[in-house]
DNA sequence: GCGACAG
DNA sequence: ATCTTGTCGC
């Protein structure tokens, strides 16, 4: 069910304001080859309980992918979900969870799109700019652009094209399973983002960083419900 | 003008 | 995202 069927129509004034903020922030996004040594990578995701949001960050070692830290922040959520403006709903709480990490990651893998967005500023990119940290996005569903279905074998890649721009890659992380959508968030390039997504996809469709963040979001949610 | 629409 | 039953496949 789409937003216009479950939420009252988004306030035009709000959408206009948020769009302006995105158009301004998108100018700060930097696409480049990684200029860091990848030793730790974090995955983040959020889950909801009514009007509250629970955001998680899981820190992993690279390339061993061992869990070094897992933190979360639980708070009230202010904005409704509006396609294209996901970052404004989840970023505030994600930033608070991020602050709880004892060690900051070299790269963050976000559950959602980076520049594979209508205005080139998905949540992965917005988070990267706000934190001035390398980020990449891995989404389960397409938001903007067109693509061809990649081959059935693990590692098969196909480009996401939007307005004549190559904004991301469709990547088959697991044989015979629906692919994921990879895009640059900030201070990264598509080639490395795609490679990292594939290398961290072990026995599941989702790469370990976001898969584990997703997993712990559910675990912590149970804890919160009991307390 | 008519759809489509991350999590 | 969340709700929510049974079912298919490794």
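Cβ from N, Cα, C; glycine included.
Because TrEMBL annotations are produced automatically, they should be read as predictions rather than curated entries.
In TrEMBL this protein carries:
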type    : residues    : note
BINDING : A:45, A:111 : Mg(2+) binding site
SITE    : A:81        : site 'Interaction with target DNA'
- line: Students should find that the Cβ of residue A:111 (Mg(2+) binding site) has, within 10 Å, a number of other Cβ atoms equal to 25
Message: Around the C-beta of residue A:81 (site 'Interaction with target DNA'), how many further C-beta atoms are within 10 angstroms, looking at every protein chain?
response: 15
